[in-house]
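Features as listed in Swiss-Prot:
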DOMAIN    4-190  domain 'Flavodoxin-like'
BINDING   10-15, 78-80, 113-119, HIS134  FMN binding site
BINDING   TYR12  NAD(+) binding site
BINDING   TRP98  substrate binding site
Amino acid sequence: MPKILVLYYSTYGHVESMAYAVAEGARAAGAEADVKRVPELVPEEAAKKNHFKIDQKAPIAEPKDLLEYDGIIVGAPTRFGRLPSQMANFWDRTGGIWAQGALIGKVGAVFTSTATQHGGQETTLYSLMSSLLHHGLVISGLPYSFQGQGRLDEVTGGAPYGATTIAASDGSRQPSKNELDGAKFLGKHVAELAKKLTAQ
C-alpha cells in the first residue's frame, strides 16, 4: 500500500478543503494518505485581524516527514502568480534532503486556489512543481480523463498541470463539486502511479 502525503498551506480554507478531497481520492485508490500543513509565518494577531482560518486541524509538517512517503501532493494558494512564502519557506528547509537525493523517484503533484479564473493558476502550479522537480520527483498532472476539465457550463477550476479552485476576490466562493471531484481524481491518480512505482 503506497503512502501519500498531502502537504498544503491555506489562508482562508479553500486549499484546506481541496487537500482533504485529494486525500480522499488517494484513499479510494487503496493508499494510506496523511494531510499535513506547513507552518504559518504571519504573526497570529495579524492573521486574526485579516480573517485567516487559524483553526485548521491538520498537523504541522517537518521536512523529514517527506522521507516517509511514496507520493507527495502539494497545494497552496497563489501569491501574485506564484507560491506563497509559507510554502517556499518549507521547501527552503529541505536542502539536506535534496543533497541526499532522498526524494528521487517519488510521485509528485500540485493543486492551487486563485481569486479569479485568470489569477495565476497555471504559473502558481508551475512554481509549486519547481521544488518537486529539483528533488527528482516524477510529476503527475491532472489528465483529461478527468471529464470535469472540459466543462463549459459553469465557472470552474482545473488544469492539466493540477487541480484548482476559484475563491473569488473576497474569498466567498468555496470549492465546487466539480473542483473537489478534480482534487479527488488527482489524489487517486497519484496513488495509482505510486502503487505501480513501488511495485517495481
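Any Cβ shown, glycine's included, is placed from N, Cα and C.
Mapped onto this structure are the features recorded in Swiss-Prot.
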residue: SER10; record: FMN binding site; Cβ contacts under 8 Å, 6 or more apart: GLU16, ALA19, ARG37, LYS53, GLN56, GLY75, ALA76, PRO77, SER113
residue: TYR12; record: NAD(+) binding site; Cβ contacts under 8 Å, 6 or more apart: HIS51, PHE52, LYS53, PRO77, ALA167, GLY171
residue: GLY13; record: FMN binding site; Cβ contacts under 8 Å, 6 or more apart: LYS53, GLN56
residue: THR78; record: FMN binding site; Cβ contacts under 8 Å, 6 or more apart: PRO84, THR112, SER113, THR114, ALA115, GLY119, GLY120, GLN121, THR123, THR124
residue: TRP98; record: substrate binding site; Cβ contacts under 8 Å, 6 or more apart: HIS134, HIS135
residue: THR116; record: FMN binding site; Cβ contacts under 8 Å, 6 or more apart: ILE166, ALA168, SER169
To what whole number does the mean pLDDT across the domain 'Flavodoxin-like' (4-190) round? 97
Counting across all protein chains shown, how many other Cβ atoms sit within 10 Å of the Cβ of SER113 (FMN binding site)? 30
